[in-house]
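Straight from Swiss-Prot, the features:
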- F99, Y100, L288, V289, L290: substrate binding site (BINDING)
- 165-168, K192, Y208, N231, 253-259, 287-289, N337: NADP(+) binding site (BINDING)
Amino acid sequence: MIVQRVVLNSRPGKNGHPVAENFRVEEVNLPDCVNEGQVQVRTLYLSVDPYMRCRMNEDTGSDYITPWQLSQVVDGGGVGIIEESKHTNFMKGDFVTSFYWPWQTKVILDGNILEKVDPQLVDGHLSYFLGAIGMPGLTSLIGVQEKGHITAGSNQTMVVSGAAGACGSLAGQIGRLLGCSRVVGICGTPEKCLFLTSELGFDAAINYKEGNVAEQLHKLCPAGVDVYFDNVGGDISDTVISQMNQNSHIILCGQISQYNKDVPYPPPLPPAIEAIQKERNITRERFLVLNYKDKFEFGILQLSQWFKEGKLKIKETMINGLENMGAAFQSMMTGGNIGKQIVCISGDTSL
C-alpha cells in the first residue's frame, strides 16, 4: 500500500526562521505485514507545537528531545484509529495517541508507544487529545498548580503571555478556576484580544503590537502581578517581570520569541531584570511537564470535567491535509493560530 509521509527537507539553521519548504511530502510503501506487538493505524489528527522548532536543529540543546534527521519522517503528537492489531492491549477500532506519531497517513507502530484514548472524555472531539485534553492542557494545569502557588481568596493577579495560543488560552482559564481574582492576557492581534475577553473570560487583554505594554500593564494590574505564565520570553517578559510583586511566581512554559536564536533554555534574563527577580524573590524555575507523569491521569480527568461542565473553553485552528503540515507549523510559529493548531489528516473514523 502506498502512503504519504512528511520528511525533514532542510534545516532553517539555529538562528533561522522555519518555512514550509523545510518539509517535503513523499510517497512510501507501507509493509503488508503487521508483526507481533505492532499495530497499523490510520492517522486522524497531527499536532504542531513550538517545542518542535528545537528539533529542526542538529542539536536540540535539550536532554529530553532528539533532533529530526534530514530526509527522515518527522514525528510529534498524533491521534489515530487502529486498523489492525497484533498487540495484546489494542484491538481494531481503538482510538490511540502518541507523542512520537510519524507524520504519515497510515503507519505501522510498536504498540508500546501508544496510549488508548476514550472519545467520551472529549465528547467525540478526538483532536482535543492533542490540545486541551492532552499535553498542552496538562502543561497548563500542572504548571499553574505546581509553580503558580495560587491561593483562592487572596486576590492574586495573573498575567499570561502568548495568551491566545494552545497553552496560554488554557492557563488563563485554569488560573481563574483555581482562584486568581484577575487574569490579564498579552497577545498580538485585536481579534485575539477580543477572543480572550469575550470568549475565555479574561478580565483584560493587551495587544503588544499596539501602544506601550508597560503602561497598559500598569493600568490593568494596579496591584502588580503575582503569577506570570510565560509563553514567550524576551522583551514582553522583561516588561512583566519588572511589575511583579514581592514573592511572586513565574511559570516558565516556553520562550517562543527566543526559539530562532541560539541561546540556552531557559534564556538568561538581562542583568537589570535579573536584579529585580532576585531582589523581589521571584521564582523562575524551568518547568518540564514530563517530570510530572504521575499527575497525568488525574489531570486529564480534571480537564475533561471542566470542559464538560462548560468551565474550560477549547479553541482550535484546523488545517486539512498532510501536505499542509509545513505551512501549519510556520503559521503557528508566527502567531497565525488562535488556540491549538491542528492538522486534520483524515476525518474518517469508519473501518
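In case you wondered, yes, glycine gets a Cβ from its N, Cα and C as well.
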Per DSSP, to which secondary structure element type does F99 (substrate binding site) belong, with helix, strand and coil as the options?
-> strand
Can you grab the distance from G168 (NADP(+) binding site) over to L288 (substrate binding site)? Cα atoms, rounded to a whole Å.
-> 16
For L288 (substrate binding site), what is the secondary structure state per DSSP, taken as helix, strand or coil?
-> coil
Based on Cα distances to N231 (NADP(+) binding site), point out the closest of the binding-site residues Y100, V289, L290.
-> V289
G168 (NADP(+) binding site) in three-state DSSP notation = helix
Looking only at the binding-site residues G165, Q255, Q258, V289 (substrate binding site) has its closest CA neighbour at Q255
Looking only at DSSP and grouping its letters into three states, which state does Q255 (NADP(+) binding site) belong to?
-> coil
In angstrom units, rounded to an integer, how far apart are the Cα atoms of Y100 (substrate binding site) and G165 (NADP(+) binding site)?
-> 22
Based on Cα distances to L290 (substrate binding site), point out the closest of the binding-site residues G165, Q255, Q258.
-> Q255
Binding residues F99, Y100, L288, V289, L290 (substrate) - maximum C-alpha distance in whole Å | 17
Round to a whole number and give the Cα-to-Cα distance in Å for the pair Q255 (NADP(+) binding site) and L288 (substrate binding site).
-> 13
Alpha-carbon spacing, L288 (substrate binding site) to Q258 (NADP(+) binding site), which is rounded to whole Å = 17
Would you find the one among the binding-site residues N231, Q255, Q258 whose Cβ has the most company, meaning other Cβ atoms within 10 Å?
-> N231
Taking only the CA atoms, the spacing between G165 (NADP(+) binding site) and F99 (substrate binding site), expressed in whole angstrom, is 19
